Amino acid sequence: MSVDVKSAQSSKSDSLQAEPRPGERDKALNLVLGQIERNFGKGSIMRLGDASRMRVETFPTGALTLDLALGGGYPKGRVVEVYGPESSGKTTLTLHAIAEVQRRGGVAAFVDAEHALDPVYAASLGVDIENLLVSQPDTGEMALEIVDQLVRSAAVDIVVVDSVAALTPRSEIEGEMGDLAVGSQARLMSQAMRKITGNIGKSGCTVIFLNQLRLKIGVTYGNPETTTGGNALKFYASVRLDIRRIQTLKRGTEEYGIRAKVKVAKNKVAPPFRIAEFDILFGRGISTLGCLLDLAEETGVVIRKGAWYSYEGDNIGQGRDNTITWLEQNSEAQEQIEVLVRQKLTEGSEVTANSMRPLAAAARTAAKKPAVSLASEAA
């Protein structure tokens, strides 16, 4: 028995001696890290705490309520998918994103696969159409190749693709009407996402795909809705936004806008499943003052009793529309309310007030622009 004990102790001591010391492990790790960087380039592997670029930056969406739902705005260097029914505000939402990027000196591109971009409406939302890069590709392969080259250049800050449903494969265009092309668009999107996703992260360019809804056949239970282009985009997208029209805004019998509701269906950079609501006015886009009033009421800066809104004990308007008009006419009070709202929102929140453009300045800028005709509805 004593022999067995001695042999066990000796084997244990041998195993302890065989283990590398902490200093040797660090030396070996640094050696292999250096070898990887020499083989694949600097930055191919890193410690997460040492990489400043791993902190995801954001830029505003144009609606403060949506900025808060997203944790600050759209993430830079990520893929975003915006989907919803027709005339729910998808294109309007992305045009506001383009305007925000251009306002900060960035370069924007719009891949108009649907061939339906309205330059007059885009200009009314604040888009600098003279410096906006626009492409109207003939095929889906051409559109995605253009996106890939723009992303690789690292000179473009945002690319919008309108829409995935309009990215028609070349084989389908060259074929005849009625020819079956099962899964061709899904294969195209899957290949494209594999190719461009890595370059998107390296360049810091945000790529926003607009998508349409379809109904799955034979679904009895559950939601029958699905998006076009297969499942690849769902996996590669860091943020997915489901936008819906929940109300039509009217003055008497005249329709002047819609109430939109956005659900963050997926978010890899902030908590998901948050909901934001805002008004989209025909010819003017997202109502920044409407967003401010909603958040002022939610935070208690503005009190609503019945139909009346009050600020600091004084009634400022009866009904939502009259209160927004009062805010437009009283810029000083508007700025005071905005400051108070931001103070309330940033208490214990990761979203900083500096990460969002002041709404008062945005509202004054929008008020100076002439509204286009009501024919330019929310896309």
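Using N, Cα and C of the backbone, Cβ positions are placed for all residues, glycine too.
The region 'Disordered' annotation in Swiss-Prot covers 1-24.
Positions annotated as compositional bias 'Polar residues' by Swiss-Prot: 7-16.
The Cβ neighbour count for Thr91 (ATP binding site), using a 10 Å radius over every protein chain in view, is 25. What Swiss-Prot records for Gly84, Pro85, Glu86, Ser87, Ser88, Gly89, Lys90, Thr91 is ATP binding site.
Gly89 (ATP binding site): 29 other CB atoms within 10 A of its CB, across all protein chains. Shown are the binding-site residues Ser87, Ser88; the one with the most C-beta atoms within 10 angstroms of its own C-beta is Ser88.
The secondary structure of Ser88 (ATP binding site), as reduced to three states from DSSP, is coil rather than helix or strand. Glu86 (ATP binding site) counts 9 other C-beta atoms within 10 Å of its own C-beta, drawing on all protein chains shown.
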